[in-house]
């Protein structure tokens, strides 16, 4: 396929969301030849939907706040399989990254003294869980993600970053030594396929919530980076860990921020009871998201759900008053009116736990370098491959992410990856060029679709996949159901391999993009299913009827899914932060 | 229950010599779904139908389009808001070149956005913490920073239709004022001097289509008025 | 910044201001003339030319004519730049408009001071 045009960059960043744009900004400032390749115009990325805020100990609401308290909350929230060196890095570097955002122009809401407004979020405490609820989430009303993404895009414009907007990355290109040396990408507008050569390839492709039928995620969240890395043979970490956000709007799946509960809202069942008082007597509605989501499902299963079918609960906000709602939660008022036909100033919003966030992903160190593991359990760096943001598993979120930590993750580790790559490029990187056959093997998939002549339709297969995941790998899981799910997925994989792309035109062919996305959904679903089946315990977001307890003896570990053998291995969690004492695993209560 | 009659603008540059309207029958099962849902149902009938979409909740700005003659976001526009006599006519945003079907080339729109230097400029060294801003100063940014760049406003503006290369357009000007109004921005006079020509701002004739269509309820005309006031104050 | 050499003041701000100031002058002039006609229902040639024989009225009228000329030029210039995309045609039409406005202005002055 030597007729492929090639583009050459020092670094190519795949994904134009918060993490990708933050990494790009760092590299653009350094003058490296960098491009951001994004399948949508960057401000359409899913970061834009983040609402509540960015959690960080900037000591604004409480002048005595301490990043170590934030780190403690993060580790505890992750049910102790967050890597403590990574959590330490994120929480201690966080303030710098947040102040930088403010200096770039992010329009944070303000306190009377002019400092950034912080609101309480779930799982936040002072003094290592001893000092009561903290307010640590820096907010721009309830549009923090939008404000953050636009600010980062604007600053990339200021620094002349090169953008390949509406380009779709198809697969990674590896050289003979197994180093990642670029990718195959398609310009969606023209259909042209090119070989992008790069010394550093950063996967900042975000989440994959679209493997579930009901999700708060954007339609574009199809796990493209995860799929690319799996097909290239790289392992995925903690893929069983999917966060179900307690408050997705019933029926529509759109997100209602945890900030609603931070501002004083609470959940009620059909009897009007504030049921979280029973499940989490101290933190109540601001317990960890996994805890709240499970409690809601328990209420529903025990017959105290609301509505005709008793299949949801209510989020009560009317007691906050129109002024607070208008000032602090204006976006929620809009969304609730549009998608639930409810004015939250008068009536409660019907909500249900909804797939929201992938804690797992491409295992990386704090510099964003992708990691794999050899037979004897030693970590190895994958040359040329980097990941940051939701696509990566550093891991700071462990088995359950705290609200507001995703945006911090994006900017801290996007920035870290950018700084590291700059240093590495300065030191000099030389990899073997990809050969014709290396490029051809990365082209295999798109060629397959382009030559497909009959078979099942893409939307139907996608719907089936989402259905399997929703039924067998939801909030509560159990062996029998998951085994069935794994079998169904194996069959589905065969069917997808023979599915049909009817439209083979070149100009803005969205059907082709959806076909390529379906492959990625399949990869993510399979990794999730096998990891969930194999992790025989309940921890954080992974909750099993048949193994209801946390098993620290066997499972105080990351899971590592290897695509070639479809095996799940265990990888050690880091318990060695550099500047603080280790947080030893304790029983997790709120 | 009769099916919804949908008429959609179709154009594929590879196969069509000219655009045409295609009729679809869509069974919504009587539900008041969003226009975006209807587009997805049509795409199941014809996978070649091209349109942009992402967040499906009105914050990413991908699916701006013209629905029964009015610009808006397909994902937050329920059928009950636009359908008349069981008919729905969908066209791409007016005034921009069509790439395919509902997908327009937004290049000119983005160029005008970039022209107003849409980023904070402050020539003093940043402090170790955040720059302070009072809640009152911050309040001035409300109604400005929320823009999602969907282009519904600019593509409904006759002044932008006639002079898309020279008139910044409502979206760009709203963002321009967002930075002029920011107490942390120190480039005010440079920003103003880039706007005092006869086209950039002054081609606005107060038609207010932008205000009528903005899916986020923002008011570019008011922002343009404020820019004029600032220009006047600066020059006299 | 978009530059344009054919606009009235070479600046959008001055054009815009001129448009508004001239509009106010024209409005006052119109109100004055209408009021004069209303208060003089039996208006004859002598009363009318008597009005225009006064210096202040001639100056006031000249001001209105100049305002009308500026107002018309800015407005028509805008219309031509909106709708006439061919440069040659646009400049041609603009030249005709300028000439027309000039003729009317000179004619107006001649009427005011020529009698």
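Glycine is treated like the rest: Cβ placed from N, Cα and C.
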Additional site residue, A:257, A:364 [criterion: listed by TrEMBL with A:245, A:356, A:401 for substrate]: A:257
Candidate nearest residue A:257 (substrate binding site) in space, where candidates are the recorded positions A:44, A:46, A:52, A:406 and distance is Cα-Cα: A:52
Intermolecular Cβ proximity, binding-site residues A:19, A:44, A:52 versus chain B, under 8 Å: A:44
Non-site residues, in chain order, whose CB comes within 8 A of the mean position of the CB atoms of A:245, A:257, A:356, A:401 at substrate: A:216, A:243, A:246, A:255, A:258, A:289, A:357, A:403, A:406
Most distant Cα pair in Å, residues A:245, A:257, A:356, A:401 binding substrate: 14
For residue A:406 (FAD binding site), nearby residues of its own chain (Cβ under 8 Å, 6 or more apart in sequence): A:50, A:357, A:390, A:397
Rounded Cα separation (Å) that holds between residue A:289 (active site, proton acceptor) and residue A:44 (FAD binding site): 26
Distance from residue A:245 (substrate binding site) back to residue A:52 (FAD binding site), taken between C-alpha atoms, in Å: 13
Minimum Cα separation from residue A:356 (substrate binding site), reported as the residue among recorded positions A:19, A:44, A:46 that achieves it: A:46
Packing count at residue A:245 (substrate binding site) (other Cβ atoms within 10 Å of its Cβ): 25
Inter-residue Cα distance where the pair is residue A:46 (tele-8alpha-FAD histidine) and residue A:15 (FAD binding site), in Å: 10
Per DSSP, three-state class assigned to residue A:52 (FAD binding site): coil
